[in-house]
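Participant: The following block contains the structure, expressed as structure tokens.
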Amino acid sequence: MNIFRLAGDMVHLLSFVVLVLKINATKSCRGISLKTQELYTLVFVCRYLDLFSNFISMYNTTMKIVFLGTSFAILYLMRGHKVIKVTYDREQDTFRYLFLVLPCALLALLIHNAWTPFEVVWTFSIYLEAVAILPQLVLLQRTQNIDNLTGNYVFLLGLYRGLYILNWIYRYFTEPHYIQWIVWISGIVQTILYLDFFYYYIKSWKNNVKLALPS
Amino acid sequence: ATSQHEHDEL
């Protein structure tokens, strides 16, 4: 494992910490898209189907369990916690799941590395992760007064995939035959979706003003 | 097995 991969995973982990911190400290999930959170949970469930059948390392297994556990915990907070669930922006969070899930499922059926249930479901998770942030980005654009933790959360999510791209470049040059077109292209698409957000995030940080996305 | 099918990333 290289430093970019480790940094990417740690940033990803930190994004969960920031999100849980925001929700718990403010007892509010205002500005957080439940749809994006549900899609991420679906992504992890589909990607880690081999959790118990394919052991790579203690690190991998632990991280997978943490990601799954945290995702379900966030869903519980947003849907089941009696104080927090009333703060959810239901009327604003209107993105349709099917617009993302259906094309990703079709694409996974068409473009994959192997025609096995595990592989197709895994590929679906890669495609879905690339676009799962869209409901959150749409909600951010509609939210006035984005709080710092929400902005930081989305920034960390984007940074994580950016660091993974550096990790793939590193692996390409250091590992023989390391080619993963599906993952690379999806990861690049995923990172590109954040570029607009990055621009406004960094601008607000440099000018020391509150983050606001133009609608 | 090739590294393509190992899925060693998260």
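Cβ from N, Cα, C; glycine included.
Values in this document were obtained by computation on a predicted structure and should not be read as measured data.
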Participant: For the record in TrEMBL, which of the ranges A:18-37, A:58-77 is the transmembrane segment one?
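Facilitator: When A:18-37, A:58-77 are checked in TrEMBL, transmembrane segment belongs to A:58-77.
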Participant: What else in the chain is close to the transmembrane segment (A:121-140), if you only count residues 6 or more beyond its ends and a Cβ gap under 8 Å?
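Facilitator: Apart from its flanks, the transmembrane segment (A:121-140) reaches 31-33, 35-36, 39-40, 42-44, 46-47, 49-50, 89, 92-95, 100-101, 103-105, 107-108, 111-113, 146, 150, 154, 157-158, 182-183, 186-187, 189-190, 193-194, 197, 213.
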Participant: Sequence-remote contacts (6 or more beyond its ends) of the transmembrane segment (A:152-170), Cβ cut-off under 8 Å?
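Facilitator: Non-local partners: 2, 4-5, 7-9, 11-12, 14-15, 18-19, 22, 32, 133, 136-137, 140, 180, 183-184, 187-188, 190-191, 193-194, 197-198, 201.
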